[in-house]
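Enquirer: Take a look at the following structure, please.
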Amino acid sequence: MSSAFDWRAKAACRDKDPELFFPVGNTGAAYQQIEEAKAVCRTCKVIDACLKCALDTNQDYGVWGGLSEDERRALKRRAMRARRSQAMQMQI
């Protein structure tokens, strides 16, 4: 049976300290930590699956799929606006 998390066995982060991907805050030292986590993500073969999982399961914290918490929130907002715009155009 396949799981939504099967991709994790191939993830570049699998042997890294998980705390690297969950900084506290988003400025100063936390910003540097976010950038270090993203650098690991950039080398990952399953970055897209990771991001999809984070979005599908509403992961609000940490770096997933190469995106920070703020970046994923912005991505969700853009997607929501695009869906609304498309729905409004279909009503016209």
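Along the chain as shown, residues are numbered 1 onward.
Glycine is no exception: its Cβ is also placed from the backbone N, Cα and C atoms.
Not my notes, these are from Swiss-Prot:
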- 12-74: domain '4Fe-4S Wbl-type' (DOMAIN)
- Cys13, Cys41, Cys44, Cys50: [4Fe-4S] cluster binding site (BINDING)
Enquirer: In the same chain, outside Cys13, Cys41, Cys44, Cys50, whose C-beta lies within 8 angstroms of the Cβ mean position for the [4Fe-4S] cluster site?
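Expert: Counting only non-site residues, the set is Ala11, Ala12, Val40, Thr43, Val46, Ile47, Trp64, Gly65, Gly66.
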Enquirer: Show which residues of the chain containing Cys41 ([4Fe-4S] cluster binding site), separated from it by at least 6 in sequence, have their CB under 8 Å from its CB.
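Expert: For Cys41 ([4Fe-4S] cluster binding site), the qualifying residues are Ala12, Cys13, Ile47, Cys50, Val63, Gly65, Gly66.
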Enquirer: Find, among the binding-site residues listed as Cys13, Cys44, Cys50, the one whose Cβ has the highest number of other Cβ atoms within 10 Å in the structure shown.
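Expert: Result for the most crowded candidate: Cys50.
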Enquirer: Average the per-residue pLDDT over the domain '4Fe-4S Wbl-type' (12-74) and send me the rounded value.
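Expert: Summing pLDDT over the domain '4Fe-4S Wbl-type' (12-74) and dividing by its length gives 95.
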Enquirer: Can you count helix, strand and coil residues in the domain '4Fe-4S Wbl-type' (12-74) using DSSP?
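Expert: Result for the domain '4Fe-4S Wbl-type' (12-74), in helix, strand, coil order: 34 helix, 2 strand, 27 coil.
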